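Asker: Residues annotated as region 'Required for interaction with ITCH' in Swiss-Prot, with experimental evidence given as evidence: 1-505. Residues or ranges marked as phosphotyrosine by Swiss-Prot: Tyr92, Tyr164, Tyr166, Tyr177, Tyr189, Tyr214, Tyr223, Tyr279, Tyr317. Annotated region 'Interacts strongly with spindle-regulatory protein D1M1' per Swiss-Prot: 102-229, in sequence order. For 238-260, 291-316, 328-398, 560-623, the entry in Swiss-Prot reads region 'Disordered'. According to Swiss-Prot, the feature compositional bias 'Polar residues' maps to 306-315. The phosphoserine annotation in Swiss-Prot covers Ser369, Ser780 (among others). The feature compositional bias 'Low complexity' is assigned by Swiss-Prot to 369-395. Annotation source Swiss-Prot lists region 'Divergent helix-loop-helix motif' at 710-760. The phosphothreonine annotation in Swiss-Prot covers Thr804 and is backed by experimental evidence.
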Amino acid sequence: MKYKNLMARALYDNVPECAEELAFRKGDILTVIEQNTGGLEGWWLCSLHGRQGIVPGNRVKLLIGPMQETASSHEQPASGLMQQTFGQQKLYQVPNPQAAPRDTIYQVPPSYQNQGIYQVPTGHGTQEQEVYQVPPSVQRSIGGTSGPHVGKKVITPVRTGHGYVYEYPSRYQKDVYDIPPSHTTQGVYDIPPSSAKGPVFSVPVGEIKPQGVYDIPPTKGVYAIPPSACRDEAGLREKDYDFPPPMRQAGRPDLRPEGVYDIPPTCTKPAGKDLHVKYNCDIPGAAEPVARRHQSLSPNHPPPQLGQSVGSQNDAYDVPRGVQFLEPPAETSEKANPQERDGVYDVPLHNPPDAKGSRDLVDGINRLSFSSTGSTRSNMSTSSTSSKESSLSASPAQDKRLFLDPDTAIERLQRLQQALEMGVSSLMALVTTDWRCYGYMERHINEIRTAVDKVELFLKEYLHFVKGAVANAACLPELILHNKMKRELQRVEDSHQILSQTSHDLNECSWSLNILAINKPQNKCDDLDRFVMVAKTVPDDAKQLTTTINTNAEALFRPGPGSLHLKNGPESIMNSTEYPHGGSQGQLLHPGDHKAQAHNKALPPGLSKEQAPDCSSSDGSERSWMDDYDYVHLQGKEEFERQQKELLEKENIMKQNKMQLEHHQLSQFQLLEQEITKPVENDISKWKPSQSLPTTNSGVSAQDRQLLCFYYDQCETHFISLLNAIDALFSCVSSAQPPRIFVAHSKFVILSAHKLVFIGDTLTRQVTAQDIRNKVMNSSNQLCEQLKTIVMATKMAALHYPSTTALQEMVHQVTDLSRNAQLFKRSLLEMATF
């Protein structure tokens, strides 16, 4: 399966960590060449400003959906396309099994390598035009006048004298497709190697069929994925992603490799009371208090064997040992020691109020563990009667704070805003001119009700997240941002209050058709009209508030203490919690809620007596939980300073180059403006011929000859200005300048060429010879049509930037304009001298 080139927008800035990774800024538009390239899950091969490299897929967002294409007979291997074009190697296409061939026998052309592997039936012709199928773009680039369009880079012609010609690269085999070489020695992709000197398909000679039937290559051929790729797939993932190793107790062998998912292993099958104990302890987020759940534990519950389940369960869960566990009730205190509570999943114990250091440490761990838990469950858990830290909670503003890194917060906010806009759009799609009539309401009453409920739900989720961001702003030293966000939030809250009230009133009347259907126009608005009018204003207010939060995300959002910032963190956090209707809420953390608020996975069993940490010692807790996160690479100070120095030096070099480029562009702009402002002279009385033109015995009158010579000189001057403008435009395209730059240069090209059109129109009105008038008019009209084409091509190149196809089309049209302008100038000279 392959994908066509897609466009993707960068959601965040990306600083490359290796030579193959691509650097980009937030908002850049990248061309996605391949997803999950080279078997690297989550890494995409992209192109930006003429450079290619791999980028993390969770840092970009596709602008359009993926379009799959199957390997048809019209598709050719990328590495062999230009070789086939220039006759250096002949590759054969496998017919598409979905293409309904004329008969059941595949027709294969003879091999030009004379290997004799494929035997072709003698009765079938092998005409070359039937064998090779060259894409239309390549045919035009070779035989047409538009010039080559090779690879994914924009090719600009080179100016030679008063014209432009395309220069073909010297070696197409290496420079056609700008794709990094494969790191594997075997063919993983469904593309024959371009440098193969032998037969295309590696089929053993012993399997040749003399019947002339196409022999499908075995699984060991080029098209098969080598076993090493499948075998090393897990190894590749572990090298590319920083997955934590499973936690194992010292001295315990790795009895069985448990799965990656957070599901307790099924090696032990409890029955009876054991099963009851398991379900009472394994279900996180149960509504009953913790003390009540402990009462259901059987005091005679035997602990699992040390070598059977505990070791495997410890392998399945990677949770710090520093997290303390709840003690059982007083009646089961004889079983409260850690060694007899192995296998019982429990909720972490509160830290005593006087142990401040240990409490802060466990709070940090809890924030890390709870960062993906739903906020609805968090709000419900605030009434837990077993929490002793509720009296120690901070101010209300701090209770609602969002402890997220900026990238995760921005992505989550964008999803909420998009869901809100989609909900309002679906409601507006149902509102028509006669949508309140009885017939329409009878058909669409359920759809309207669903759309109203979705708008209210999405707005509620959006407000839930935004309030947390406003709470973060309240903790900043400067309150200017907080006051601004509070004003913008107030508008959205007012709208939400109106929508909630009107929705409640609509539910009170049970959405009765007799009440909602209106056959006559009336001046009074009912609840449904009021809901629609207010819902229209919500996306604009939400967009303004979202823009404010995105702009100040670095100041508003910071990870909480103890949280980890991984490169693929945003994707993993966003996918950890799902909400109805596609919404996702931000996690609001309450310092006193971490007891009743359970994990999405069961907690590990208590540690054995030899390995159980001292719950009364905060120092031991600090030491133990740090050991469990030793897989996190902490960058040293020297390495960090060295990288920062390199980045600063690179940034300074880029700034200097940018300043030099901007200075050159500014001077070029000024020169072009001076040339453009020069008008076309119409006063022939002040004109003196620059050179003596040869006279002939043709029927051209002296007055027409003088006019042709006069405007030929004018055309020569403005033609040079046109070439200078084209040079500036091609320079912008070659340096990958944005649309605002090359569009401005294209205007100079159009204005310069328009002066030539003006000269042609003036000559058409002033010359007396009919044949000369017709020739000048035809040439002038051709230039005018070419200008219209350039305007459209420039517009498409700007709209589809950075599409190389659109840019290349603009370059082709401008090149054609230079040729037509040169022909127009030459025709004036010919008509004046012959």
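Counting starts with 1 at the first residue shown.
Glycine is no exception: its Cβ is also placed from the backbone N, Cα and C atoms.
Any idea what these are sitting next to in the structure?
Answerer: Tyr164 (phosphotyrosine) is surrounded by 23 other CB atoms, counting those within 10 A of its CB over all protein chains shown. DSSP assigns Tyr164 (phosphotyrosine) to a strand.
Using a 10 Å Cβ-Cβ cutoff, Tyr166 (phosphotyrosine) registers 18 neighbours.
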Asker: Which residue counts does DSSP give the region 'Divergent helix-loop-helix motif' (710-760) for helix, strand and coil?
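Answerer: DSSP composition of the region 'Divergent helix-loop-helix motif' (710-760): 47 helix, 0 strand, 4 coil.
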Asker: For Ser780 (phosphoserine), what residues in its own chain, 6 or more apart in sequence, show a Cβ-Cβ distance under 8 Å?
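Answerer: Set apart from Ser780 (phosphoserine) by at least 6 residues yet with Cβ under 8 Å, we have Leu756, Val757, Ile759, Gly760, Asp761, Thr764, Phe824.
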Asker: Taking the Cα atoms as reference points, how far is Thr804 (phosphothreonine) from Tyr164 (phosphotyrosine) in Å?
Answerer: 20
